[in-house]
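Colleague: What TrEMBL lists as transmembrane segment is 28-51, 72-90, 110-132, 171-190, 239-264, 385-407, 419-438, 450-475, 495-512, 533-553, 623-645. Feature annotation from TrEMBL assigns domain 'Ion transport' to 38-267, 383-648.
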Amino acid sequence: MLPRVASPFQYRSIHHRVDSSSLRLYRWYYSDACQWILSLTIFLILFLAFIETPSSLTRTADVRYRSAPWQPPCGLTESIELLCLLVFVADVSVKSYLVGWAEFWKNLWLQAYLLVLVVSLLDWTVSLSLVCQEPLRVRRLLRPFFLMQNSSMMKKTLKCLRRSLPEMASVLLLLALHLCLFTMFGMLLFTGEKKDDGQAQERLTYFRNLPEALTSLLVLLTTANNPDVMIPAYSKHRAYAIFFVVFTLIGSLFLMNLLTAIIYNQFRGYLMKSLQTSLLRRRLGTWAAYQVLCSLSAEGGAAAQGVGVKAQDVLQVLHKVQLAGSHKQAIVEKLRSYGGDMMSADEFQKLFHEFDKRVIKQHPPRPEYRSPFLRSAQFLFSHRYFDYLGNLVALGNLVSICVFLVRDADVLPGDRDDFVLGILNCIFILYYLLEMLLKLFALGLRGYLVFLSNVFDGLLTIVLLVLEISTLAVYRFPHPGWKPEMLGLLSLWDMTRLVNMLIVFRFLRIIPSMKLMAVVASTILDLIKNMRAFGGILVVVYYVFAIIGISLFRGVVVAPGNSSLALDNGSAPCGSFEQLEYWPNNFDDFAAALITLWDVMVVNNWQVFLDAYRRYAGPWSKVYFVLWWLVSSVIWVNLFLALILENFLHKWDRRSHLQSLAGDPEAPYQMTVELLFRDVLEEPTEEELLAELSHHPHLRLRR
């Protein structure tokens with residue numbers, strides 16, 4: 001019974017062993033400590049890529065200035081990795097035991113989990129046998145699997161992606177056909193007879209051969225080299241622009257946006273399906289708990305099976321279940337209202353609706369003052385108009401900083417006169433301190449801390465006050481010509497700059513004061529929380545491509561002068577990798593590989609990377625970067641857009657319809673995502689729940 005409630009509350013499956021020893025193991029496995037250990041282990045094994053050879057522990061990734069990185073001794077990172085793998089062995093063993101071996105052979109994820117562990121341990125053994133000098137570590141590519149298998153939402157997202165691949169493949173095929181046709185047209189079109197002819201210049205620069213022409217048009221599809229690729233021919237004749245305009249119109253505006261529409265169509269309803277599945281799991285768990293209690297009551301002769309359960313029996317079980325205090329208290333109060341009556345299945349289900357609510361913190365009582373003057377001051381300083389005044393002062397502070405930044409834009413930091421700005425900073429920080437003290441007076445300490453905006457303001461005010469006192473203690477009070485020499489760790493300009501950055505950050509306090517902005521901000525926060533699975537897939541994709549990139553391109557980018565391929569800035573063509581000084585964009589370590597992949601994903605100037613790695617590593621390197629472009633920019637970015645639209649439009653619409661309920665200051669609960677969509681979700685029927693329970697491999701209920 002215990003995990004029957006805990007499982008669906010956390011949206012977990014209830015198809016596991018239900019004997020007493022298994023339930024104890026289940027509760028131990030899903031305890032906060034065990035799950036924290038498992039999450040830490042996943043983080044550690046992924047983080048090893050930054051430390052192990054090739055190490056990312058250098059100040060810069062620029063091959064011209066990078067010092068020799070620290071290389072861990074053989075066995076150090078391998079020992080940490082072995083500990084992580086042993087934790088995963090224990091994890092898969094517990095999961096396999098709880099679901100039962102019959103279910104294990106039906107669960108492809110658990111089988112893959114076991115296979116990945118076996119391969120990783122074998123590869124780890126090979127590493128030690130070769131004294132960590134093996135050319136390739138296969139297990140590094142398998143590490144992201146540990147992150148995926150631990151998230152049901154990531155599995156759902158991958159399933160949706162798999163379903164959308166056939167339709168995406170059809171559009172990608174059209175895109176490839178579009179590229180090939182225009183490549184051939186371009187090579188036939190730009191064949192000049194004279195050396196200085198515009199056609200010949202276009203051919204020699206962008207359509208020299210089939211791979212170059214295909215690359216040029218592929219980059220043009222992302223508009224990264226527009227209008228550069230068109231200029232040689234267009235400068236000789238206007239009509240050549242038609243070729244490039246038609247290509248961009250069909251490829252970028254039609255086919256690429258069609259791909260976005262297909263992905264959005266596949267993921268439309270993704271949020272609702274996920275919530276519907278979560279609702280089914282929760283209802284199934286509470287229904288299973290009800291059936292178990294009915295069976296126990298029938299065995300004890302207290303009641304006939306199916307008639308109901310006693311509230312006292314539920315109370316006894318509930319006291320042993322680990323739940324949030326607010327939810328538990330609300331359910332206990334409802335149970336006590338039944339007294340000794342029997343509860344029906346519907347009444348039992350309604351008890352657990354409390355899980356869908358978040359209790360609003362009750363504001364502590366304000367301090368009571370006897371003096372009429374103090375009571376008037378308390379009313380004044382706790383009024384929302386006092387917050388508006390604080391926002392206005394913060395805006396004035398921000399405007400003053402902007403004015404001085406514009407005025408001193410062309411003045412070196414050492415030549416600036418910070419007298420006026422220093423005085424203004426002192427005045428504004430003193431006001432922030434006064435505002436904090438007045439709010440503490442009006443609301444009391446507990447009442448002040450109950451508002452997150454006050455905590456945000458208070459912490460920044462304290463930090464600003466400490467920095468200002470430190471500045472005055474080291475550099476004395478501001479005066480005209482206030483430009484002392486650097487004393488201590490930070491110069492006067494550094495201290496002033498740090499204070500100004502915190503003041504700008506503090507201006508975010510206006511968000512809760514503007515209703516529309518607050519709704520948008522809260523919706524964005526909800527999106528971030530509910531898109532963690534999507535972020536996890538992004539981590540997996542980046543990790544795998546970074547490891548592959550290190551294996552393929554480590555050491556191919558060398559500093560100028562160390563190779564005939566590495567040109568110096570003076571002899572490098574304009575717009576090339578060397579002339580733009582893209583030297584930090586390499587695959588010599590994991591951290592550098594991640595940044596390089598990010599720069600290519602943004603597709604701004606990504607033709608520079610294609611050309612550079614073609615020269616340094618060979619023409620086959622284009623396959624890697626084009627695949628990364630397809631996975632990241634085409635599929636991942638469009639998937640991100642689809643999920644943003646799906647989540648934001650649904651939630652914005654629901655918030656508009658339920659605004660009065662969610663924003664009622666007298667309401668005792670806040671709207672959670674599940675409660676927000678409750679009226680549009682379908683409640684599973686009793687027949688569906690019983691049919692699902694009948695397939696439970698370990699639960700045997702009397703009929």
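For all residues, glycine too, the Cβ spot is worked out from N, Cα and C.
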Colleague: When the pLDDT values for the domain 'Ion transport' (383-648) are averaged, what is the result?
Modeller: 80
Colleague: Would you mind listing the long-range same-chain contacts of the transmembrane segment (28-51), meaning Cβ under 8 Å and 6+ residues beyond its ends?
Modeller: 3, 6, 10, 12, 57, 72, 77, 80-81, 83-85, 87-88, 91, 94-95, 98, 140, 143-144, 146-147, 150, 539, 543, 546-547, 589-591
Colleague: Against the transmembrane segment (385-407), which of these stretches has the most C-beta pairs under 8 Å: 72-90, 171-190, 239-264, 419-438, 495-512?
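Modeller: Ranking 72-90, 171-190, 239-264, 419-438, 495-512 by Cβ pairs under 8 Å to the transmembrane segment (385-407) puts 495-512 first.
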Colleague: Name the range, of those listed as 72-90, 110-132, 239-264, that has the largest tally of Cβ pairs under 8 Å with the transmembrane segment (171-190).
Modeller: 239-264
Colleague: State the residues, same chain only, that lie 6 or more residues beyond the ends of the transmembrane segment (72-90) and have a CB under 8 A from a CB inside it; answer 'none' if no residue qualifies.
Modeller: 37-38, 41, 44-45, 48, 51-53, 55, 113, 117, 120-121, 124, 127-128, 131-132, 139, 146
